[in-house]
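These come from Swiss-Prot:
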- 1-19: signal peptide (SIGNAL)
- CYS44-CYS68: disulfide bond (DISULFID)
- CYS47-CYS55: disulfide bond (DISULFID)
- CYS61-CYS83: disulfide bond (DISULFID)
- CYS87-CYS98: disulfide bond (DISULFID)
- CYS99-CYS104: disulfide bond (DISULFID)
Amino acid sequence: MKTLLLALAVVVLVCLGSANELGLGRQRVDRRRRQAVGAPYGLCFQCNQKSSRDCLNPKRCPYFHRTCYTLYNSGGQWTVKGCAKMCPTAGPNERVKCCYKPECNND
């Protein structure tokens, strides 16, 4: 019976560790640097002008997408906010502003 309980405890600990590695556990934040610690994802505002209601709250980015960006048109107005692995390249008559902290593309 003790062996069964020990085996169950080991399985639970392994599963909890795997959940944290996958980002399914509770997100840890370094309060001093105001940055997520652990799972490799960012927290950015993700929307465009048509879905600007979605810009009220930041969303978790896909894994390894830690760069937040804001794409501006030639008139200087933002058109798209999102996250990427690397800073995207601006097209003709566009400007991109990238940042690397959680929720930093809220402008």
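A Cβ is built for glycine as well, from the same backbone N, Cα and C atoms used for every other residue.
Fair warning: this is a prediction, and the values are worked out from it, not measured in the lab.
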**Fill in**
Cβ-Cβ distance under 8 Å, sequence separation of 6 or more, same chain as CYS68 (disulfide bond); the residues meeting this, in order, are GLY42, CYS44, PHE45, CYS61, LYS81, GLY82, CYS83, CYS98, CYS99, TYR100, LYS101, PRO102, GLU103, CYS104, ASN105
**Message:** Return only the integer: C-alpha distance in Å from CYS47 (disulfide bond) to CYS87 (disulfide bond).
**Reply:** 16
**Message:** Test of understanding: give the count of other CB atoms lying within 10 angstroms of the CB of CYS61 (disulfide bond).
**Reply:** 21
**Request:** Within 10 Å of each Cβ, count the other Cβ atoms and name the one among the disulfide-bonded residues CYS87, CYS99 with the highest count.
**Result:** CYS99
**Request:** Around the Cβ of CYS83 (disulfide bond), how many other Cβ atoms lie within 10 Å? Please give the count over every shown protein chain.
**Result:** 22
**Asked** If you count other Cβ atoms within 10 Å of each one's Cβ, which of the disulfide-bonded residues CYS44, CYS47, CYS55 has the most?
**Response** CYS44
**Fill in**
Rounding to whole Å, the Cα atoms of CYS55 (disulfide bond) and CYS87 (disulfide bond) are apart by 20
**Asked** Using DSSP, would you call CYS61 (disulfide bond) helix, strand or coil?
**Response** coil
**Item:** Sparsest-packed among the disulfide-bonded residues, when each Cβ's other Cβ atoms within 10 Å are tallied, from CYS98, CYS104
**Value:** CYS98
